[in-house]
Each structure stands twice: as structure tokens, then as C-alpha cells.
Amino acid sequence: LLLQAVFNLLIPDHAADAFSPPRLGPRGPWDALVERLLGGLGRWDAEHFLFIAERGYLLEHNCAFLPLFPLGLRFLAGLVPWPLQLQPRSRLLLSAALLNALLSALAAAALLGLGRAVLRRQRQAFLAALLFSVSPAGVFMAAAYSESMFTFLAFSAMWQLERGHSCLSGLLFSLASGARANGLINAGFFLYSRGKRFALQLQVGSASLRKLPLLWKQVLGLASSAALMCAGIFLPFALFQYYAYVRFCGPGTGLGQSIPEPLLQLARDKGYRVAGVGGTKPLWCSQRFPLVYSYIQETYWNVGFLRYFELRQIPNFLLALPVTLLGSWAAWTYVSTNPWHCLTLGLERSKSEETGKARDGFCGPAAFVYVVHSTALLAFGFSCMHVQVLTRFLGSSSPILYWFPAHLLQEHEPLLWSTGTDKPTSGKVLDKSPTSCGKGTSDNPLVRLLLNWRLITPLSKSILGFFLGYWLLGLILHCNFLPWT
């Protein structure tokens, strides 16, 4: 927060062709101070979220941004008793800074719990949570974006599912799909969990289980529970599509008469469609399944399969190259280490699992579904989205972006090696090293590596350079309306 304020003061804002609604009403000295200190958090898509939180879905292309985060901002801005006279935008900007500071910290805690459950290595899980704290998508965790909220909900849902709390996990996954559309793919975790449980039961299989009536009863029970959970995950997204249909495809309601003239002029100048104003209905209204989200992505931002594959987009592909290589390397490492486990989709119990000696860490069998999830997101994002957003897309959706670098650092960096073993019951995160500051204190592995930068391996320098470099560049560029991820 301090750095974005400094960079925002030192570097003039770029005149970007981005959504920038007019500031209405008188601005007091406190509003100017809030804008000076936190204005870097309100750039690019944050303008949409702040506008929606203040005025609702007045413009059609605002419907590309789902409502849970704007609702959270509006609720917090109305709940906190602000001691100063502030405009709504200033209150919302302060609310965004407070809310995302809390949610990003909770997301790191959720990632730590999830890592302990899946990796079963305390130190690797802790190192991954520290890497999340300097995520290459860090600026979006602080800015008025929905990334922090989505990451907290998604990682918490994954953690609760690992703990066997299916109902709580389903509720969190459902809320996540109300924050970002890619939350819909999280239904795959439920489907895989139910399918794996059934497959393992068949392999253990007592004679009574193999009886046809009981088998069909179990199949129907698992299918119905999985379908119910998936329906709950899809429900928030579906309800929002219906809301948009009623708002933009119904007859004009005269809402335009209550919209300030500067906003109407902006809509006329930019060609934005305004809710409640009569006129030609948009094309998506006449579709069999009217989806405003996909229509806006295609019409306003030219999102589609291979549409971004142009020579002039090479700089953006280069910007996404580190996370693409990291995600691809993670998938290749896992598949090459566990070829049979991947061929059987992790549905066959291995001898090591039966004896309780299954591999732990990133290459363990429990990480399979997360590797599949990360690889699917990577393939979709690379081929169908604006490729430069891959860094924050994966950084806010998949724990693999943090688990795999933590695995590489622990495997290949001698400064992180210790004589002890990484047991689940170990209370210590890392053994103390000569570089530890003070006596009797736990050593922070990231601090250890940074204090010994000249001694660490080139691989460690590359990983930390990517994380910290993108973390810092994001603050410099994004906060001044310069192109970033």
C-alpha cells in the first residue's frame, strides 16, 4: 500500500483508453487525500468494480464483473462509521483497501491449511504460503479487484473438501462462482472427489458392495449428491445471468431519466448500452440460453479461441511466458513422476497407498486433481483469453503456482536443506541457520534466501526474481494506468 502510493505520486498516470466514469459531485480535501494515497488501487478493471458498487449495473459491459465483490464493498462502506465527510467513491476505495488486506491474509492462511492437508509437508506448505504473500499477481490482491475474495473462497473450499466437510466446501465454492466466472470449473473438484471415493470403494469391495442392487443404490446416491453440489456452484452465476436478462432485455423502464447526464453522455460517446433505456435489444437477448457474460467478453474485449494470436500481441505473450513455463513445467514434472497414476486418473489405489507409505509433497497422489485443474486453466487461458492475464488468472485460482516453486526451492536449494525431516507432526517450519536474526526465533525461508542472494542457486534466483519482479512491476505499472497483467 505504501509503495503504490509512492509510485502513484512519482509517476504520472498514463492516458489509457480504459473505462473511466466521470467523478460527480464536489470533492473535498479528504477525498483528494484518499485519491492521492489509494488512487493506485482504483485503476483498470477496478473502475468497473467501484462503479458497480456505487451505482449498480447501469451499463451492459459492467456485467462482465460478477456481483459478490461489489456487494462486499458496498456493504462494508455502509457499515463502517466513517468519521470524515467522504464521497461514495472514496469510501468504497477505503473499503476495498481494508477488505482485500484482510482477504489476502486469510487466503494465505487457507493456502497454508490446504498445503498441509494435500502436501503433508509442513515446511513446503509454509514456504508456498510465503510465496503467495509476494505473489506475482500481488497488485491485484490489493487493488479493488475480486482476486483476493475469490482466492480466499476457492482455497478455503478446497481445504474444507480435503477435510471432508462437503457442505461447507460446496457453500464456499458457490460463493466463489459469484465472485469470478472461472469458479464454475471448481465443480470438477466435487465430481472428482465423488468419483474417486466410489472407485476406491469398488477396489476395497466387500461381497455385499458388489451386489447389483446395492451398487446401483450407491451410484445413484453419489450421482445425485454430486449433481446437487454442482447445481449449487452454478446457481449464483445463473441467477446473475437472469438478472442481466431482466435488466437489459426487458422493456425500457425509464431508468435513464434518473441517470446523471454526464454518465449518459459517456455512454453515447463510447457506445455503451444503458439499462432501462429503450432501443434495439442486444443480440444475446435472443439466444436460446442468453449469456451476457460470454457476449460481453466476445464483443467488448474480443475474447475467443486463438483470437489473440497476432504478431502485435507478442509482447503480451512474453509477459505471460514465465507463468506459462512454470505451469507447463509443473504438469510435466508431475506426469513424468507419476505416469501410471495419471493414466488411471488417480482412481486406482497403489500399493504404497495401501501400506500408508504414499509419496508426499508436490509429486504425491493427493496433488493430482490440482495439477489437472491448473493445467486446464493454463490451456484455456493461453488459447482463449487475453494471454497477459494468465499470471493473475492462475495466481488467484490454483495453489500449484505456489506449491511447485516451493517444491523446486526445497529440492534444489542447499540453503533450505536441513538435517531434519519434513514430517506432518513437526512443529518447526525450518531449522535455524547461521543467518537467523536473534536467538530462539523461527527462520523465515524467504528472508534467508534474500539475505544470501549471492549464494543461492540460479534456479532459486529465477523463481524469486519472477515473484518479486512481477510483484514490484505490478505496483509500478498497474497503479499508473500502464499496461500490465
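For all residues, glycine too, the Cβ spot is worked out from N, Cα and C.
Among the features that TrEMBL reports, signal peptide is placed at 1-18. Marked as transmembrane segment by TrEMBL: 92-114, 126-145, 219-240, 317-335, 367-387, 463-484.
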Cβ-based contact of the transmembrane segment (367-387) with the transmembrane segment (463-484), 3 or more pairs under 8 Å: no
Two-stretch contact, the transmembrane segment (463-484) and the transmembrane segment (126-145), at least three Cβ pairs under 8 Å: yes
Non-local residues, at least 6 beyond the ends, that sit with Cβ under 8 Å of the transmembrane segment (219-240): 63, 66-68, 166, 170-171, 173-175, 177-178, 181, 183-184, 186-187, 190-191, 194-195, 197-198, 293
